Amino acid sequence: MSRYGLQKLYINGAYTDSTSGDTFDAVNPANGECIAQLQAANAQDVDKAVAAAKQGQPVWAAMTAMERSRILRRAVDILRDRNDELAAIETADTGKPLSETRSVDIVTGADVLEYYAGLIPALEGQQIPLRGSAFVYTRREPLGVVAGIGAWNYPLQIALWKSAPALAAGNAMIFKPSEVTSLTALKLAGIYTEAGLPAGVFNVLTGSGDQVGQMLTEHPGIAKVSFTGGIASGKKVMANAAGSTLKDVTMELGGKSPLIIFADADLDKAADIAMMANFYSSGQVCTNGTRVFVPQALQAAFEQKIVERVKRIHIGDPSDERTNFGPLVSFQHRDSVMRYIDSGKREGATLLIGGYSLTEGALAHGAYVAPTVFTHCRDDMQIVREEIFGPVMSILSYQSEEEVIRRANDTEYGLAAGVVTQDLNRAHRVIHQLQAGICWINTWGESAPEMPVGGYKHSGVGRENGISTLEHYTQIKSIQVELGSFNSVF
């Protein structure tokens, strides 16, 4: 018997057997252990979930703003009470260190839910005077039933980032977590029901993106799809959503973000920022600053500071409190990252440290790749052009501000960017020229609930978090009122 046993779908306020009875395994990437069996949804299950959502959504939307706010706030309290329990599940499912999941993943997800719970009463329309006898008023109304499709790197946090604004606006959601890391989304569904969310308002369907995800994006009963994942999958989701019923979409896709260090920067601070921008969550963060641009004159000194810091990383069992760097999410992904590392070696980048998977000792049975740093990289190298989604830093040298801005923008991606400098005039001047939706000055990675996040170019469509996201989960109804007489031309 696996640690977490058989996991069912969540439809209409209850854990429910899938129609097909098919299952797939959840595997702990730290040791290869099967920790759960998950049921796979099929077309009949999708129809059931949509029907339940259509029934529950009007009940939810009819509640007062304060009633909805209180229910979501209760869910926040439950999440915080069960923080350690959920963190342990997340660590077993993703391989992320417990020190990370316990302090970040559940905490920040709950923060976003609390933020939107507080915004519900602020969802207001406008009153627009036309003339003495006439005016227009607007209402922000929910879209109805929306779908969320999550990625594997922040399973619970992403489920909350998508469900919080959707539910706050009065919608129902059908959420499909990544088939690689599905466990905590199923726990979240039960928490929502326990908090008082009406049956059918939040459903979870587990299974593959090619099957369950595609069925959701094409289903005529769904009004919007919010997707987090890679560019190729995002384009497919967007095409299916538009080709079926002109669904609205939000896309949070990949990145190959530049981190620019200027000559006046504190090099120790710059090295610390570069480490967090590359090796947090074992490098599996879409906003990571994996293209690190350093002035040519400072390159050697910067490299030395990076190598010193990489040597201090504690790679180990994710359940060990001392560990701050765990395995990659799966053995398949480990092999993908290693192919990129091999490509960097072949194309002539200089390997400073790392560059191998751990195949001996206590961690040999896990999907571990050592933190890896390449230098003397070129813009045309595969490791510089493509998103690796792993612990691989590429250091590139530059000589002028104009040059580094041009090179930083020379990518199909536009998710994030950052600068490290003591000159705030330069910081703002450069940031305003970088083609990226999320930018940091003298820091990296923090995404507060109040901060809209999303990408330029191929890195996304729409935004998550912040007040503006509520606009993406509502539609405006305009009503004109005439208080005086009406004159017909007929």
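Cβ atoms here come from the backbone N, Cα and C positions, even for glycine.
Among G125, G200, G254, G361, only G254 appears in Swiss-Prot as part of the NAD(+) site alongside G150, A151, W152, K176, P177, S178, E179, G230, I231, A232, S233, C286, E387.
In this entry, G150, A151, W152, K176, P177, S178, E179, G230, I231, A232, S233, G254, C286, E387 make up the residues listed for NAD(+), with the farthest two CA atoms of the set 23 Å from each other. Each residue contributes its Cα atom, and for K162 (active site, charge relay system) and P177 (NAD(+) binding site) those atoms are 11 Å apart. The Cβ neighbour count for V180 (K(+) 1 binding site), using a 10 Å radius and every protein chain shown, is 19. Inclusion criterion for the recorded positions L246, D248, K457: a C-alpha placed within 10 angstroms of the C-alpha of C286 (NAD(+) binding site); this criterion is met by none of them. Taking CA atoms as the reference points, L246 (K(+) 2 binding site) and S233 (NAD(+) binding site) are 18 Å apart. Listed in sequence order, the recorded positions from I231, S233, D248, K457, G460, E464 having a Cα within 10 Å of the Cα of V180 (K(+) 1 binding site) amount to none. In this structure, D93 (K(+) 1 binding site) is part of a helix by DSSP. Shown are the binding-site residues I231, L246; the one with the most C-beta atoms within 10 angstroms of its own C-beta is I231.
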